[in-house]
Amino acid sequence: MEQNVEAIVQWLRYQINETGVKGLLVGVSGGLDSAVVAALIQRAAPDNSLGVLMPLKSSQESIEHGKKVIDSCGINHLTVDLAETHNVLYSSIKEQVQERNEFNKKNDQLADANLRARLRMSTLYTLATNYNYLVVGTDNASEWYTGYFTKYGDGGVDILPIVEFTKQEVREMASYLEVPEEIVHKQPSADLWEGQTDEDEMGTSYDTIDAYLRGEEIPEQDKKRIEQMHIRTEHKRRGAKQFHLKK
Ligand SMILES: Nc1ncnc2c1ncn2[C@@H]1O[C@H](COP(=O)(O)OP(=O)(O)OC[C@H]2O[C@@H]([n+]3cccc(C(=O)O)c3)[C@H](O)[C@@H]2O)[C@@H](O)[C@H]1O
Ligand SMILES: Nc1ncnc2c1ncn2[C@@H]1O[C@H](COP(=O)(O)OP(=O)(O)OP(=O)(O)O)[C@@H](O)[C@H]1O
Ligand SMILES: [Mg+2]
């Protein structure tokens, strides 16, 4: 793990130099992936890195874990509470579609959740502009392959330092980086609604996705599910489709 960590830290420094920015920032949720990325950017740019806590009706546990991540890696940080902003914006959008009798109740929770992720992205880019920093993403190989992220939400970032590493490898990196134990071992969650866990929503486990990515045999049903998620989310890993007539 030491070699991987060193290679990522060097790569992050290279990104700063190559792009001419001053530093790096990341949203810190209290989960594993952002804990690792926060520790990595703090190593790469100790005086020019920022962890951003963005609670949005978050559980007490997530808030406490977010603070623990900040304390354990010693990264400079600030907090932007998005609960009220989210409520005002989502209610006003919802009211309009309800008045038109066009409200899609089936997708209500998903629309609400994706708006949370996109408000966080907007907050991070506002801070990135202010500080002249890059927005660092937290997607790992398992999330990237399955497209388990919000397009232009938590997927809307400048650089992806841990995208080649499976969830298991990120966990090992976390232990090496001395991320607090309870964060290393807790259930991954997007925290977008009460009780949400990644594995329930995806219908398979990270261990199974990781095994698939290593080229190992996995049950046929999981294989089908992973491949279906991969194909359906191809558009998220590409840029916007462009119309070309002139060339
Ligand atoms: N074929 C296609 N070509 C081009 N664009 C296409 C498209 N199909 C849909 N789209 C567009 O993409 C949109 C759907 O994608 P998207 O908005 O991402 O939404 P979607 O994939 O439906 O939902 C995001 C998923 O990621 C999960 N998530 C989000 C955030 C964080 C985390 C976490 O782990 O922390 C997990 C969340 O729980 C949910 O399951 C559509 O509304 C449409 O605009
Ligand atoms: N409350 C929050 N405050 C700041 N950033 C957040 C918050 N919630 C989500 N994010 C950002 O969105 C990213 C995606 O969330 P995701 O759940 O995939 O990662 P994680 O919470 O770091 O790890 P895990 O997958 O183990 O829960 C986070 O890594 C973080 O950058
Ligand atoms: Mg999480």
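Backbone N, Cα and C atoms are what each Cβ position is placed from, and that goes for glycine too.
What TrEMBL says about this one:
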BINDING   Gly27, Val28, Ser29, Gly30, Gly31, Leu32, Asp33, Ser34, Thr138, Lys167, Ser189  ATP binding site
BINDING   Asp33, Glu143  Mg(2+) binding site
BINDING   Arg118, Lys151, Asp158, His235, Lys236  deamido-NAD(+) binding site
DOMAIN    5-238  domain 'NAD/GMP synthase'
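This view paints the features noted in TrEMBL onto the structure.
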residue: Gly27; record: ATP binding site; Cβ contacts under 8 Å, 6 or more apart: Ser34, Gly51, Val52, Leu53, Met54, Arg120, Thr123, Leu124, Thr138, Asp154
residue: Gly31; record: ATP binding site; Cβ contacts under 8 Å, 6 or more apart: Ser62, His65, Ile183, Lys186, Pro188, Ser189, Asp191
residue: Asp33; record: ATP binding site; Cβ contacts under 8 Å, 6 or more apart: Thr138, Asp139, Asn140, Glu143, Ile162, Val170, Pro188
residue: Lys151; record: deamido-NAD(+) binding site; Cβ contacts under 8 Å, 6 or more apart: His235, Lys236
residue: Asp158; record: deamido-NAD(+) binding site; Cβ contacts under 8 Å, 6 or more apart: Thr19, Ala128, Leu134, Val135, Val136, Gly137
I'd like to verify something. Among the binding-site residues Gly27, Gly31, Arg118, His235, which ones have a C-beta closer than 6 angstroms to some atom of ligand 1?
His235
Contacting binding-site residues, sequence order - Arg118, Thr138, Asp158 vs ligand 2, Cβ under 6 Å:
Thr138
Stretch-averaged pLDDT - the domain 'NAD/GMP synthase' (5-238):
96
Chain-internal residues near Arg118 (deamido-NAD(+) binding site), provided their CB is under 8 angstroms and they sit 6+ positions away:
Thr150, Tyr152, Gly153, Gly156
Where Glu143 (Mg(2+) binding site) falls in three-state DSSP terms:
helix
For Thr138 (ATP binding site), list the number of other Cβ atoms lying within 10 Å of its Cβ atom.
25
Scan Asp33, Arg118, Glu143, Asp158, His235 for binding-site residues whose C-beta lands under 6 Å from an atom of ligand 3 and note them, or write none.
none
Non-local Cβ contacts of Ser29 (ATP binding site) (under 8 Å, 6 or more apart, same chain)?
Ser62, His65, Gly66, Asp191
